[in-house]
Each structure stands twice: as structure tokens, then as C-alpha cells.
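Novice: Structure below; questions to follow.
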Ligand SMILES: Nc1nc2c(ncn2[C@@H]2O[C@H](COP(=O)(O)OP(=O)(O)OP(=O)(O)O)[C@@H](O)[C@H]2O)c(=O)[nH]1
Ligand SMILES: [Zn+2]
């Protein structure tokens, strides 16, 4: 048996390396690229990357999503992304300010930015996918490596070498979490509570299922797919309706005697807590929840609902009565092969502070209130 890591392990290493400011080598058919996350790279490694670019005569670019490019008024010739040319001698502050909207209003005239046009953008796209998977800002420095020798230098320096094609294929696949353990937990909403812990094969966050009673597997189960919201669920934030929705769903399951609530660690609709807090800062500058996501470079919703569907199936549920106001969740469940026999509305927790947030969800995301 080989002890070598496979592509799933290498992907987990790549996410960890990027999160800690280490570059990663993406290897292609011939050469590849050296990539680093704009949010975490520090000055000495940026200097090393710039030196390498200069000595190799290669163009260092900052890949950003088309959403971020729109805010920066940078031309996105590549559809969903733009490759901003990093000017000679650009400092770390330039990289960070281009990647992050924190200072956009204070310094509105950042550009003009020059962007690359033509050529292969595959590795840039993969770099952005990896940055998002590491819950970082979606912006990555990309330095093309001309040949196998350059890739070998990265290996010699101890960097993670990620075969690009295999990585793309592996990231497209859903990684169904497997059940690790379950135990009885009596809850205020029901004494017949049981918490199951699920662990994805790809080394990403664990997810939880809270089973109330003993719902039969051959009938639609009262179900809630709840995405983690540290501020709402734990702190009782008034900016959203998550906490009241969490408790109301459990209470309804307790009252009916059966149900399943999936607690999915997809904080901030899949962008992570740090990025959600960045979005909250933008909301304090007057942007709504969707605009804030876009200015950061994200789509409205970055969650992968295949995870929730996979957990339901692992638990033996094929049909649900889904507690939600979000029609996209119903569509996603159906597309993932879970029958939605009924939508059960879950309208609780409106406050003076979240009225605007809920109105935006209704107007822009089609929520049914
Ligand atoms: N990015 C971002 N995420 C937010 C914001 N406010 C709340 N969230 C997150 O949004 C998610 C809310 O998820 P859900 O409770 O599943 O809500 P939903 O998709 O609106 O659908 P239903 O509640 O089922 O109707 C949680 O992960 C929160 O952390 C925000 O302003 N920006
Ligand atoms: Zn919330």
C-alpha cells in the first residue's frame, strides 16, 4: 500500500498553505503556476515572488472575480474573472487594497487597473476556487511557471505541488460526509434529541444533524437545513433571523414529535465568518447583503447544498417537508434527488434591525415572506 497523499489530501494541504500565507504550485501538462492568496501573503514572500517574476521575465497577475473587478472598474476579459497586472514594485498594501473592499470608500480612485487579455485562464480560476475553499478573500497572485524544471524548483523548496487537472475534477465532485458518532442529547425543545456528527472526506468542516424522535424513513420528514450563523445562533444578533429560525424549527419538531435539523457549517452563506464580518462592515457603509457579497468578490450565495442532501440520504431520508422561505433551497434539494413533498414556512424573528435584510432577501433572492 502506498503512503503517498492522494489528490484529496493535496487539496486540503493547499487550502491550509494558502490560509497561512504559503504559495502553492499548480502543475499543468507542461509548466504550471505559483499561486498565493492576496489576503495572507506577507511582504518577504511577496518580494520573493516579485523577484522570481522579474528574473523569469514572467507576468505576475492578481486574479480577482468578475464581481470584484466590477467594483474596481477593471476590465474582466475572461468572463467570470479578471487578471490584474501587478505593477512593478507594487507593495503589499496595493495587493491587499485591491483584493479587499475595506478601503474602497476611503480611496475610491484606486485604478486605473490594467488587465490581461487572451491566453489560458484555467489556473487563475483554480486559484480563486482554492482561495474561496480556504474561506479567504477571492483574490490570488498568479505567476506562470514555464516548464517542469520550474515546478521541480517549487517541489525542492518544499511547496505543495497540486496537479491542476486532478484538483479541478476532485473539487467538482461532492464529498459526501460520513457519520462519525451520534449520542442522545435532551433538548429544551424535545427530550428525544440525538446529535449526529458528520465528517467530509475532504478534510473540510464537520456538519451536524439533530434528530428529534424517531422519524420513519419511508415518509417525508419535517426537515430544516440550517446554515451556521455564529452571530445569530450563538450571540443573538438582531441583524438576521437565524437564531429565532433555529429555535422555532427545533420547537416545531419537538411539538410534532419528529424531525431532523441539519446544522451545516456554511457560515455566511458559505463565505466564512471573517468574510461575513467584512460584509457587515460594508453594510454599515450602506450596501445591502447582496451588494456587500459582490463587492467582496463573492456571489450572493456560495453554499454547496449537495452536502445537506448527502447527509439526509446517509440518514435514510429521501423525502422532506422542508422548513424554509428560500425557493432556491427547494430547487437545490430536488436537483440533488431529495423529494420536497411540502414547503413549511418559517417566519420568525423580524426586528427593527433586520427588516431591511429580510426585505432584500425577498426582493433579490426571491424569499417568500
Ligand atoms: N454573506 C452573508 N451571509 C449572511 C448575512 N446574514 C446572514 N448570513 C448567513 O446566511 C445564512 C442564513 O442561512 P439560512 O438560515 O439557511 O437562510 P436562507 O438561505 O435565507 O433560507 P431560509 O432561512 O431557509 O428561508 C447563514 O449562514 C448566515 O450566517 C449577510 O449579511 N451576509
Ligand atoms: Zn444569521
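Glycine residues also receive a Cβ, built from the backbone N, Cα and C atoms like all the rest.
Curation plays no part in TrEMBL annotations; they are all automatic predictions.
Pasting the feature list from TrEMBL:
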type	residues	note
DOMAIN	182-345	domain 'GTP cyclohydrolase II'
BINDING	224, 225, 226, 227, 228, 245, 267, 268, 269, 289, 324, 329	GTP binding site
BINDING	229, 240, 242	Zn(2+) binding site
ACT_SITE	301	active site, proton acceptor
ACT_SITE	303	active site, nucleophile
Novice: Return the members of 224, 301, 303, 324 (the recorded positions) with CB less than 6 angstroms from at least one atom of ligand 1, or none.
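Specialist: Those recorded positions that pass the cut-off, since their Cβ is under 6 Å from ligand 1, are 324.
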Novice: Let me check the 10 A CB neighbour count of residue 240 (Zn(2+) binding site). How many other CB atoms are there?
Specialist: 21
Novice: Should residue 242 (Zn(2+) binding site) be counted as helix, strand, or coil on the basis of DSSP?
Specialist: helix
Novice: Going by C-alpha positions, which of the recorded positions (240, 242, 301, 303) is nearest residue 224 (GTP binding site)?
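Specialist: Nearest candidate: 242.
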Novice: Assuming the binding residues for GTP are exactly those in the record, 224, 225, 226, 227, 228, 245, 267, 268, 269, 289, 324, 329, what is the maximum CA-CA distance in angstrom, rounded?
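Specialist: Greatest Cα-Cα span of the listed binding residues: 22 Å.
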Novice: Roughly how many Å lie between the Cα atoms of residue 229 (Zn(2+) binding site) and residue 267 (GTP binding site), rounded to a whole value?
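Specialist: Residue 267 (GTP binding site) has its Cα 5 Å from the Cα of residue 229 (Zn(2+) binding site).
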Novice: Ligand 2: which of the recorded positions 228, 229, 242, 303 have a Cβ closer than 6 angstroms to it?
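Specialist: Within range of ligand 2: 229, 242.
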Novice: Taking 8 Å from the centroid of the Cβ atoms of 229, 240, 242 as the cut-off, which other residues in that chain fall inside it around the Zn(2+) site?
Specialist: 231, 232, 233, 237, 239, 241, 243, 245
Novice: If H, G and I count as helix, E and B as strand, and all else as coil, what does DSSP give for residue 226 (GTP binding site)?
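Specialist: Its secondary structure by DSSP: strand.
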Novice: Quick check for you: of the binding-site residues 226, 228, 240, 242, 267, 269, which have their Cα within 10 Å of the Cα of residue 301 (active site, proton acceptor)?
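Specialist: Passing the 10 Å Cα cut: 269.
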